[in-house]
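Below is one structure, written out as structure tokens; the observations come after it.
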Amino acid sequence: MKQSISDIDVAGKLVLVRADLNVPLDGDKISDDTRIRASLPTIRHLSSSGAKGIFICSHLGRPKNGPEAKFSLAPCAARLSELLEKPVKLITDCIGDEVKSAVESISADQTIFLLENTRFYAEESKNDPEFAAKLAAPFDLFVNDAFGTAHRAHASTEGVTHHLSPSVSGFLLAKELEYLDGAVNNGERPMAAIVGGSKVSSKITVLEALLDKCDKVIIGGGMVFTFLKAKGLSVGSSMAEDDFVETAKAVMAKAEASGKQLILPSDIVVADNFAADANTQVVSADAIPDGWMGLDNGPEATKEISAALSDCKTVIWNGPMGVFEFDAFAKGTFAIVDVLEEITAKGACTIIGGGDSVAAVE
């Protein structure tokens, strides 16, 4: 099987590219275009190699009920045009007649198109076979360059591969996998993983794999509270996934049985509501009051995590420690950035993935 776009002839072909353009937005302005810039080498290669048409698809945010203007990829199309120095046309759908018309309109001059947000269809996240078939139908081959979403079996990442051959990796995906594989399997020890974000359900496979490889695993973000529930503690009104409490118990048991250090925050910054100006207090992780929600690590937790990371030679970080978009709940995440900067300067290899983590570093 072909592995990357370096191995295939794309001349005269209609190419569907899955990029990761899930960038942070401030209104309709892109606040960090790191992911867009990361997609450029693959797009430029396809262009210079004579692809007849390049059709880029991506998700953005978490739209709930169909198209939402605030999750449109229009700002990404504009930024891609600037960076590529050629027009990138936004198609206001990702399947159907408009896409078909765009394909039929391609002239001798190569055209780059951006399909609208794939998550405007619920079928995308469900990896619906019919939706995947419609998404793939107009194209000759598939290039996946979305490292940040490659672990998800969605229609635009996995489903289309059943309809398009060859299906290969782009330069970004190939580079990230090679680098990550080398770091995880051959990295210097001690090795730590920092796993944050909101949900155990979206990170459980990663968590279990990292427990096998790492000496220390640090849990942060909203997923902390599912683990605290698994320990029999009250979490107030904090986000917790009741369906994954048993999963969290299994992860903790695996860590103990294998002699790995699983680190949960010892204190929490809690708030009386989810808002930038909420009332806050710092409490022990085993004393979260009813009606209060945890939104960041507390100062003691930050000290303990910094100490745990201080001797590490390899660190992989995915997911923030709290709601860092609000100043009151940013200290835990930014402290991670500071300690990673320090140990990297001393020779450690640090790998940061995930849009929120990258945005925090930027």
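Every residue gets a Cβ built from N, Cα and C, even glycine.
What TrEMBL lists as substrate binding site is Asp20, Leu21, Asn22, His59, Leu60, Gly61, Arg62. Sequence annotations record features per position, and here TrEMBL assigns (2R)-3-phosphoglycerate binding site to Arg35, Arg119, Arg152. Feature annotation from TrEMBL assigns ATP binding site to Lys203, Glu325, Gly354, Gly355, Asp356, Ser357.
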* **Arg119 ((2R)-3-phosphoglycerate binding site) and Leu60 (substrate binding site), distance between Cα atoms, whole Å** => 7
* To do: Express the distance between the Cα positions of Lys203 (ATP binding site) and His59 (substrate binding site) as a whole number of Å.
  => 18
* To do: Would you mind listing, in sequence order, the residues at least six apart from Gly61 (substrate binding site) in the same chain with a Cβ closer than 8 Å to its Cβ?
  => Asn22, Leu25, Lys70, Phe71, Asn117, Arg119
* To do: From the binding-site residues Arg35, Arg152, Glu325, pick the residue whose C-alpha lies nearest to the C-alpha of Arg62 (substrate binding site).
  => Arg152
* So which of the binding-site residues is most packed in, judged by how many other Cβ atoms lie within 10 Å of its Cβ, out of Arg62, Arg119, Arg152? -> Arg119
* Asked: Near Glu325 (ATP binding site), how many other Cβ atoms are within 10 Å of its Cβ?
  -> 14
* Relative to the Cα of Leu21 (substrate binding site), which of the binding-site residues Arg35, Arg152, Glu325 have a Cα no more than 10 Å away? -> Arg35
